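> Structure incoming, see below.
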Amino acid sequence: MHPASSIILFTTLSGLGYGLAAMLGLGLLDPALVSTKIAHVLAILLIAGGLLASTLHLGNPQRAWRALSQWRSSWLSREGVMAVATFMPLLASAWASVFHDMRLPITGLIGAAMCGVTVYCTAMIYASLRAIQAWNTPLTPACYLLFSLAGGLVLAASFATLGEGLSKWIALAGTVALAAAWGVKWAWWKRLRTMSPISTPASATGLGAIGTVRLFERPHVNENYLTREMGYKVARKHAAKLSLLATAAGGVLPCLFLSIAALSGTWMAATLCTLAVAGFALGMLVERWLFFAEARHAVMNYYGG
Amino acid sequence: MTLLPSAPPPKKLGLVIDLDVCVGCHACVISCKEWNTGGYGSALSDQDPYGADVTGTFLNRIHTFEIVPEGGEIVGEAGDARIVHFPKSCLHCDDAPCVTVCPTGASYKREEDGIVLVDEDKCIGCGLCAWSCAYGAREMDLAAGVMKKCTLCVDRIYNETLAEVDRVPSCVRTCPANARHYGDLSDPGSNVSILVAERGGFDLMPEQGTRPVNKYLPPRPRDRLADKAMPLAENSDGAKGFFAWLDGVLDRI
Ligand code: SF4
Ligand code: SF4
Ligand code: SF4
């Protein structure tokens, strides 16, 4: 699948934003501190920025509101509805912290739960597509949810170092969430790289009974929408290296930095946590790029790819 | 509404495509584009139409496959491989994932005859339906920013201003080899259902769970070239009469 930068940005930014918003909703940070107020605003900006990026690839964005109508069947529509609805508790929580130095416990909990549901809907857009076997597994929403949680905790840790100081509990939770997220991601990669395709040129043409089916000629000499959108291929050796790079930058380093930060003084901890956030964000971008680039679409059986 | 019809449609209109007969001439590709660029919805645009990098939107395309039987080899025209031309347009699936994933209600399956269509005034051009279709039957029109797909020529088959013989899809009407057949696949007595029953019509990628309406007819078994006698051009042993005389004269020259 073609790794469109608008979609990669959307899933990365909104994943981070929802994670941070959920941690704020759970009350991990002191609502009266300036750092927490900034965190509230940042979470909302990340989510809004992600949603905006996602409309960039639409052919007719002016009627994007119509995407809220088919929640009964479509995960994309459900995601849109949830995203809009989740803004309510998040904005209320942010308002309470920024202007009244307080936390709304019930609203916060509801907001955190809705963040989780929204991220789940995003993941199900991909996981529900049978034509893309790599995505069509419950491991996909598991990865999205765990990465969002881990991202939220890493961000919360770094805001804590700027405010009340990093508690050992947040650092520990962040480390555990990171390990869990990358663990599940490696299970996802293992499945992707060892599965046998459910659809083949033989089943796509129904001609497997006669012999080995190979593409002889494409329908046209140049590319078309389908080959551009779904014909992306990434070399296996590069994919393997990139997944190691993503895990190192987005998993190993943040784990290390969080652990050391928990035992360090304020400035050291703040620096380390900022680096952990940067590493995690980089790791996520690479992971999301691979998520698309490595996924093979069943239609490529008709295009020899 | 992107829920699929709750009851099975009373009619299942679709195509039956004969892989034994298709000669790969692409006439249906062109007639489909010609009819549909001026018909249902926005035009089927081309990008860089007179340049080197021309691409465009098509609702029907012909792929060509080479099938090598087990132990067979490809040696020019004398090998065992066979070439099969493979026309492909929307299969109007009963369990069409392209319909249920659509967030706007633009994609729908008609209750009355099962045709899968896009209401272009609602389509936001998100492309998710094209992702969900394993068959590559949907292409985004880059000029209009909306999704295009085979309409089963819904503006021909019910069009009473056309002569009766023309009330079939454009590709079916055009095919010079008669490789494309149109009819109601829910009626076991229809022309298309009989073809499917007699020739062993099959579904493409049944494992995708889409239950396509369109069916494909397999190529008929072929004689192995190796089992045939040597062509006469290589061998003049059996020549008689005038040809025997000519053979002798030419040998002597
Ligand atoms: S062939 Fe593709 S576009 Fe047509 S109904 Fe089936 S899934 Fe939808
Ligand atoms: S591209 Fe149009 S028809 Fe397809 S899913 Fe998006 S809104 Fe629906
Ligand atoms: S039925 Fe009509 S729209 Fe569909 S492939 Fe044939 S000519 Fe094109």
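Note that Cβ sites are derived from N, Cα and C of the backbone, with glycine treated the same way.
Found this in TrEMBL, in case it helps:
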| type | residues | note |
| --- | --- | --- |
| TRANSMEM | A:7-26 | transmembrane segment |
| TRANSMEM | A:38-59 | transmembrane segment |
| TRANSMEM | A:80-100 | transmembrane segment |
| TRANSMEM | A:106-129 | transmembrane segment |
| TRANSMEM | A:141-163 | transmembrane segment |
| TRANSMEM | A:169-188 | transmembrane segment |
| TRANSMEM | A:242-261 | transmembrane segment |
| TRANSMEM | A:267-286 | transmembrane segment |
> Report, as numbers and ranges, every residue of the chain located at least six residues beyond the transmembrane segment (A:169-188) whose Cβ falls under 8 Å of a Cβ in that stretch; write 'none' if there are none.
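Sequence-distant neighbours of the transmembrane segment (A:169-188): 28, 137, 139-140, 142-143, 146-147, 149-150, 153-154, 156-157, 160, 247, 250-251, 254-255, 258-259, 261-262, 276, 280, 287.
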> Take the transmembrane segment (A:80-100) and find every residue of the same chain, 6 or more past its ends, with a Cβ under 8 Å from one of its Cβ atoms.
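Residues 14, 18, 21, 24-25, 31-32, 36-37, 40-41, 43-44, 47, 51, 67-68, 71, 107-108, 110-111, 114-115, 117-118, 121.
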> For the transmembrane segment (A:141-163), what are the same-chain contacts with Cβ under 8 Å, counting residues 6+ beyond its ends?
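Hits for the transmembrane segment (A:141-163): 11, 15-16, 18-24, 28-30, 33-36, 38-39, 42, 115-116, 119-120, 122-124, 127, 170-171, 173-174, 177-178, 180-181, 184-185, 188, 254, 258, 261, 266, 269-270, 273-274, 276-277, 280-281, 284, 287.
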